[in-house]
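Beneath this line is the structure, given in structure tokens, with notes to follow.
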Amino acid sequence: MSLVSAALFGLVQALTEFLPVSSTAHLLVFGELLGHSLDDRRFRAFVTIIQAGTTLAVLIYFRADIARLVAASTRGLVRGKPLGTPEARLGWYILLGTLPAALAGKLLERRIEALGNWVIAGSLVGLGLVLLAAERLASHRRRVEDVGPGDALLIGVAQALALVPGSSRSGTTITGGMLLGFTREAAARFSFLLSVPITLAAGAYKLWSTVPDLRGEVAWTVATVVGTVVSAVAGYLVIDWLLAWLRTRTTYVFVVWRIAAGAAIAALILSGVLPAGAEAPPPPPPALHAAP
């Protein structure tokens with residue numbers, strides 16, 4: 001893989017991990033167009049590892065929030081009042097919201113990886129329509145501070161649904177938050193914070209299992225480093241842009257994007273460019289993924 005291609009893959013990962021449009025679907029199409037097959041263990045490792053860049057972007061962007069939540073949760077636990085402050089409650093609610101995806105990922109991983117590209121196309125369109133409904137019907141009034149245990153669990157279930165390729169972790173969780181009445185920005189902010197535990201755990205597992213595939217592959221290793229750095233830097237910028245966008249604008253552009261992408265993948269399958277079978281990249285850590 002050339003360094004230019006690696007940088008482009010990193011950019012695609014960053015853009016589509018955090019926007020509610022599915023990084024899995026876009027990496028699939030982009031890989032096919034550039035002639036990279038996921039039967040190649042090196043390319044599969046590359047796709048997996050560059051997702052660590054977007055995880056790093058979340059950690060850096062929300063470092064102050066994460067530090068505050070961890071400190072408050074730990075302090076409350078030590079003092080025997082784990083839910084004593086808003087920050088402590090939010091920290092524990094994020095862990096609560098992580099459970100559905102963790103359980104679903106453990107139980108359904110092999111079945112999910114067997115899903116084909118028609119599922120990706122259908123997920124893109126289907127969730128696009130649900131996002132449209134959320135945009136039109138939701139109240140958009142609640143803030144992150146208003147998150148309760150029920151909200152965290154329901155948005156966590158939405159995060160688990162992102163294990164289905166083409167759904168988008170950020171897409172399902174932002175949509176879930178909006179349907180519960182949160183503002184667009186609050187839904188996105190909670191979505192990103194919720195991604196931290198699951199993407200760290202799933203990312204560490206996937207890195208451990210795929211890094212050996214690049215052993216002795218100097219060119220691929222360099223390309224992977226480039227792609228990961230690009231995905232981290234671009235991912236940071238995308239997070240900042242998306243939060244600013246959602247403060248004053250709607251998600252309609254992403255509804256159109258999802259439906260168009262789903263239709264494009266369906267057309268590529270029908271034309272024989274993409275196989276109908278399960279040759280998509282593994283979904284981002286639910287992440288997975290946010291992915292973003």
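Each Cβ is built from the backbone N, Cα and C atoms, and glycine gets one as well.
Record features, source Swiss-Prot:
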type	residues	note
TRANSMEM	1-21	transmembrane segment
TRANSMEM	46-66	transmembrane segment
TRANSMEM	88-108	transmembrane segment
TRANSMEM	114-134	transmembrane segment
TRANSMEM	192-212	transmembrane segment
TRANSMEM	225-245	transmembrane segment
TRANSMEM	253-273	transmembrane segment
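Away from its own ends, the transmembrane segment (253-273) comes close to residues 19-22, 25-26, 28-29, 32, 117-118, 120-125, 127-129, 131-132, 135, 166, 168, 171 of its chain (Cβ-Cβ under 8 Å, at least six residues beyond either end). For the transmembrane segment (88-108), same-chain residues at least 6 beyond its ends with a Cβ under 8 Å from one of its own Cβ atoms are 69-70, 72-73, 75-76, 81-82, 144-145, 147-149, 151-153, 155-157, 159-160, 162-163, 193-194, 196-198, 201-202, 286, 288.
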